[in-house]
Protein chains: 2
Amino acid sequence: MITGWRHPARLVVLAFLAATAAGTALLTLPVAAESGRSTGLVTALFTTVSGITGAGLAVVGTGSHWSLFGEVVLLALFQVGGFGIMTVASVLALLISNRLGLAMQLTVKTETNTLDLGHVRRVVAGVVSISLTIEAVAAAVLALRFWLGYGHGAGRAVYEGVFHSVSAFNSVGLALYPDNLVRFATDPWICLPIVAVAVIGGLGFPVMFELLRRHRRRWSLHTRITVPVYLGLMAFGTLAVLLVEWGRPGTLGPHGVGDKLLVGLFHGTMPSTAGFNTVDVAQLQPATLLVNNVLMFIGGGSAGTTGGIKVTTFALLAFVMLAEVRAEPSVHVMGRRLSADVQRQAVTVALFGVGIVVTATLVLLTTTSFSLDVVLFETTSAFGGVGMSTGITPNLPMTGQLLLVVLMFIGRVGPITLASALALRERRRRYELPEERPLVG
Amino acid sequence: MITGWRHPARLVVLAFLAATAAGTALLTLPVAAESGRSTGLVTALFTTVSGITGAGLAVVGTGSHWSLFGEVVLLALFQVGGFGIMTVASVLALLISNRLGLAMQLTVKTETNTLDLGHVRRVVAGVVSISLTIEAVAAAVLALRFWLGYGHGAGRAVYEGVFHSVSAFNSVGLALYPDNLVRFATDPWICLPIVAVAVIGGLGFPVMFELLRRHRRRWSLHTRITVPVYLGLMAFGTLAVLLVEWGRPGTLGPHGVGDKLLVGLFHGTMPSTAGFNTVDVAQLQPATLLVNNVLMFIGGGSAGTTGGIKVTTFALLAFVMLAEVRAEPSVHVMGRRLSADVQRQAVTVALFGVGIVVTATLVLLTTTSFSLDVVLFETTSAFGGVGMSTGITPNLPMTGQLLLVVLMFIGRVGPITLASALALRERRRRYELPEERPLVG
Ligand SMILES: [K+]
Ligand SMILES: [K+]
């Protein structure tokens, strides 16, 4: 029964824990802080987990608290976390697809499902080369802008370009400036590369790979679902920001029409991806925060750098609902049938997410005096690995911060681990009981 | 494709609309108001829908605004609404069970599924006799207490006993006192009969019927799921109220231990049932409100007097999740198998509920300046037919009140109509496409 939890899924958890221990140790070193004094353990742990999971919530200012050494450690954590999650999740995805492609294998125990080392090597090479290429292009554009547009020295401009490009591609959303990216709100040369690289990073490696390597006619169902739903969610987010915030003095109000559109696009895409902000999140209307909550909870593509239940999980639930309303005996999507199996897995992952977020919200509501508006936003942001914040995280008690650490961790590895553990295992019971239906609704 | 929406489900909607028109007309009469002046259309409509759906939200004081005539109209609306929903939902349930019992019928068109008039007559007789019996017993206890304990005149005591007993059994939750039932918070002779009759009313007629008429061994799966889950949810609610509110000055704080337990029980059971209150709901902690939101969203038993997605829908989702985590190829519950069909229907009804509540919350957040805490509570309360309120409903703009009217209506008839429309119809497509699985999580 628990065999599925052992073999490949366990790897994700162990690797993350090891990297977390190393990162925390490095960040507590006096040399990691601007002040030259050792940073507290909870702050170091929080920052490490935030960086490695890509959640990007912060309890101290990234540019102000950490020294250059500390920032480079962070940069390494972003990249290791991104590589790690994309690689492991993609390998798990291969195992799952393999298993499903070959029906014979369904009767073989999970433990005997060996990984073909050639496949793994190809995945690692693909992840590394695609990541570094995209990051390099975006870093170059950003560096040029920092150098030519803001008069930073060449070395500093390159450093800032690399930092924010890596932070964006790996869906971290930590920036070196105390106002995150608010100062660049109306600069398309900064905002558009960040949006582009964050959107690509959030797609997930399997989709990136297919978009690059395969002809459109050969795209898998996964890619054909992920791309339109992912873009649709971001279009919805952009529209919501524009509609709700258009005239609000604290957010879009002061900007001209072109800048409103730029900020709207930025804040429509960031809840599904990296979670940078170019307006003060605390000034957003409750309606905008609620739309963001929905987008943050869903997250981006599977085997990508975002948290959340993922775009396909959300889409599968919608397809199940649609098929049911249309009275179809099976769930058909784009000329393919979804097994009852994968439908149940989507339900399970989504309910797991709801349960985690509601429980964490309850705990924070009971242990602090913040309102549901801001607490739900913070917990959803942590679970979805988004990292946008109305500002309560630094003011939470230590237990609250540790709860967010757990939430960021679960949000990043939970849905992947759960989904692949569910998919990669022996089905136990073969006999069927007589059917009976309780009433629904 | 839309055949399922036509025949029996349409009845529920039409009957509700007709009764709403009649109730609204009566309540706008000058004789219906204490002041002797005609009541505004929106207020009359809101109160009618609130009474007939059993939602129990109020825009004016029930005892202060309405005359005795108006109150009697309300009482009639409670009872007609309760009879109506229990009868129609139970008949639909019979149709569904019948259909599933006889596999041969699955190939017959919905329209030819004739109702056996004998069955319908038995259901109506059962609903009326059980309702009136339980209401009479509770009314007698309450009347005695009002008469002996509070010195009301005998006639007035009987009237108040009947009003609150009917309000409780039909899950309405409107009371004749400006503080709802806060003045009786520590009086077990009032609180316990109200809790008992509300809990029984919320079970739903099919469960009541089985509990009364059948030996335990012959209980249907529906009853065996509903009873423990319903009681479990209320135990959870009671525990949450006690834990969170124990020492809070605005709620349980001032009471002794025995009274704390009484109020805790009352406020643990009311979110799943009638929605009376014995503490000021606006004084409840955000954590308590969140737990209440969950309970209100779920509601009570199918074919009962509460709104919400219903206990079995919630339980089915949990069973699906459990089966998936346990690696079982089918979902088995208490020695019975759940068809993929009924699993999909539970998912559909639950997602439908989430979609409705989130959309209504978004609209209210955009059109008012209230915070998510109170708006989400109000929309969930309306959808769940609970009617507890932090007090914002009377202060909503007219459009907001009309939105709540729609929400109360959808919350009461939506899940039933949707679920039975889904269950009672021809499955369209018979051919199967090749299977393919997208990634989940
Ligand atoms: K992030
Ligand atoms: K109610």
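Cβ coordinates are placed from backbone N, Cα and C, and glycine is handled just like the others.
Within the chain carrying the transmembrane segment (A:43-60), a Cβ under 8 angstroms from the stretch's Cβ atoms is held by residues 16, 19-20, 23-24, 27-28, 32, 66, 74, 77-78, 80-82, 84-85, 167, 170-174, 274-275, 305-307, 378, 381-382, 385-387, 389, 393-394, 401-402, 404-405, 408-409, 411-413, all 6 or more beyond its ends. Taken from TrEMBL, the feature transmembrane segment covers A:43-60 (among others).
Away from its own ends, the transmembrane segment (A:72-96) comes close to residues 8-9, 11-12, 15-16, 19, 23, 26-27, 32, 47-48, 51-54, 62, 66, 113, 115, 119-120, 123-124, 126-128, 131, 162-163, 166-167, 169-172, 174, 201, 204-206, 302-305, 412-413, 416, 420, 423-424 of its chain (Cβ-Cβ under 8 Å, at least six residues beyond either end). The annotation transmembrane segment is assigned in TrEMBL to A:72-96 (among others).
Feature annotation from TrEMBL assigns transmembrane segment to A:123-148 (among others). Same-chain residues lying 6 or more positions outside the transmembrane segment (A:123-148) and placing a CB less than 8 Å from one of its CB atoms are 79, 82-83, 86-87, 90-91, 94, 154, 156-158, 160-162, 164-166, 168-170, 187, 189-190, 193-194, 196-197, 200-201, 205, 208-209, 212.
Annotated transmembrane segment per TrEMBL: A:189-209 (among others), in sequence order.
According to TrEMBL, the transmembrane segment annotation covers A:221-244 (among others).
Taken from TrEMBL, the feature transmembrane segment applies to A:294-325 (among others).
Counting residues 6+ beyond its ends, the transmembrane segment (A:346-365) has Cβ neighbours under 8 Å at 297, 308-310, 312-314, 316-317, 320, 372, 375-376, 378-380, 382-383, 396, 400, 403-404, 407, 410-411, 414-415, 418-419, 422 in the same chain. Look at TrEMBL and you will find A:346-365 (among others) tagged as transmembrane segment.
Summarising the annotation, TrEMBL assigns transmembrane segment to A:402-424 (among others).
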Notebook entry, point to check: What residues in the same chain, six or more past the boundaries of the transmembrane segment (A:221-244), come closer than 8 Å to it by Cβ-Cβ distance?
Noted result: 199, 202-204, 206-207, 210-211, 252, 260-261, 263-265, 267-269, 271-272, 285, 287-288, 291-292, 295, 298, 300-302, 311-312, 314-316, 333-334, 336
